[in-house]
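Record features (TrEMBL):
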BINDING   A:64, A:65, A:114, A:144, A:147, A:273, A:274  carbamoyl phosphate binding site
BINDING   A:92, A:177, A:232  L-aspartate binding site
DOMAIN    A:12-157  domain 'Aspartate/ornithine carbamoyltransferase carbamoyl-P binding'
DOMAIN    A:164-310  domain 'Aspartate/ornithine carbamoyltransferase Asp/Orn-binding'
């Protein structure tokens, strides 16, 4: 049984893409699409989560992701608490379970969790009472499912059908929770081909079992792809033995205007941000006509709204009524 | 003339009396998804209103969201092609029963701006209001039993059925 789903197959938590059905992913994308017009209204709010309290529990710093979660929750009329864990009781020795129990006692409804340990949101989902939902905002090297869903939303916006798409994911595949979630999402949605492109040191063993094709040379991997998904290179990897230097990485794996000659003429370029200009992507490509990077940021709000609404709005099981 | 056509003709006459000729330029008709949009399309065409027809999907404004969730899937988003600020809105639905759909529609409309006025036109009204809401224009009033439901199917052709459940 998937801990993310209730007995009727609806989202109870959103912890990872792995194990979710194509229908459920499409439902998230459809719901997000219908939430997009909220941005055009005079009052950019919906009453769906009025009276609900959502806690952003970020054990790792991330201004961008936390802000989009906060904005999404506020656009659904929820009350939002932001916990800076470094300055909180966890640094005073409180356990995760103690912290959860205390937050539960404050009558919260949802925890949005980012943690450097893979599986932390799963652990929380196993220990919270049934009325509380957990949304994974990135856990260790495991998954970053809301980022993957906003990427899928952006791809569908530009390409429509997934079944004809060749998608390349480029960069630190080994450490990237974004890449894992993207691969799960793309294969579930039926993308024709998913390629991963990286140096040998940044490709996890056995990744072919996830249904992807591995390339070590960027130019060959980019041939005829419809979507180019860049990953952020973390500078600390440069100091380890995994990568030589920023300059050398860019020379072999940086996305340049010249390399875009290899991709399909209508291909789009994506990046989850924040961008390291001149390390994984040339500035003119990041700002160029094919770039949909800022659209990804905009779409992130609607997608996170959709996931929060679906998770908290699943209703009591077995009830159904309609009035006019 | 079919029964439905007769109802639309009656509603058109009532609306014509309701809208002063000098206000017609400022009248914005909005149908509530889905049956209300079908009814609104009929009325909009008959009245030859100059502003395009809007549609409202109140699924995100339902007061029973926390009980029934997003139901059904919301794929046809609201579409309001003109500003509603200071417009005279004619809100159209197929059936007025509890009044909760109309309340939700009011809430959504006010999130787009402040209309000058809102009039409500419904094809069918039935007793059972749970809120203080009434229609300005009614096609027909029907008193149905608790196990009877009205079903409007469409948009082309439009048909109206009364279903009885055991």
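Even glycines carry a Cβ here, placed using N, Cα and C.
Listed in sequence order, A:171, A:172, A:271, A:272, A:273, A:274, A:275, A:276, A:280 are the same-chain residues six or more apart from residue A:232 (L-aspartate binding site) with CB atoms under 8 A from its CB.
Its Cβ placed at the centre, residue A:274 (carbamoyl phosphate binding site) has 10 other Cβ atoms within 10 Å.
In the domain 'Aspartate/ornithine carbamoyltransferase carbamoyl-P binding' (A:12-157), helix, strand and coil residues by DSSP number 70 helix, 27 strand, 49 coil. The local packing around residue A:177 (L-aspartate binding site), expressed as other Cβ atoms within 10 Å of its Cβ over all shown chains, amounts to 20. Mean pLDDT, taken over the domain 'Aspartate/ornithine carbamoyltransferase Asp/Orn-binding' (A:164-310), works out to 93 on the 0 to 100 scale. Of all the binding-site residues listed (A:64, A:114, A:144), A:64 has the fewest other CB atoms within 10 A of its CB.
Calculated from their C-alpha atoms, the gap between residue A:114 (carbamoyl phosphate binding site) and residue A:177 (L-aspartate binding site) amounts to 12 Å.
Residues A:64, A:65, A:114, A:144, A:147, A:273, A:274, recorded as contacting carbamoyl phosphate, have a largest CA-CA distance of 17 Å.
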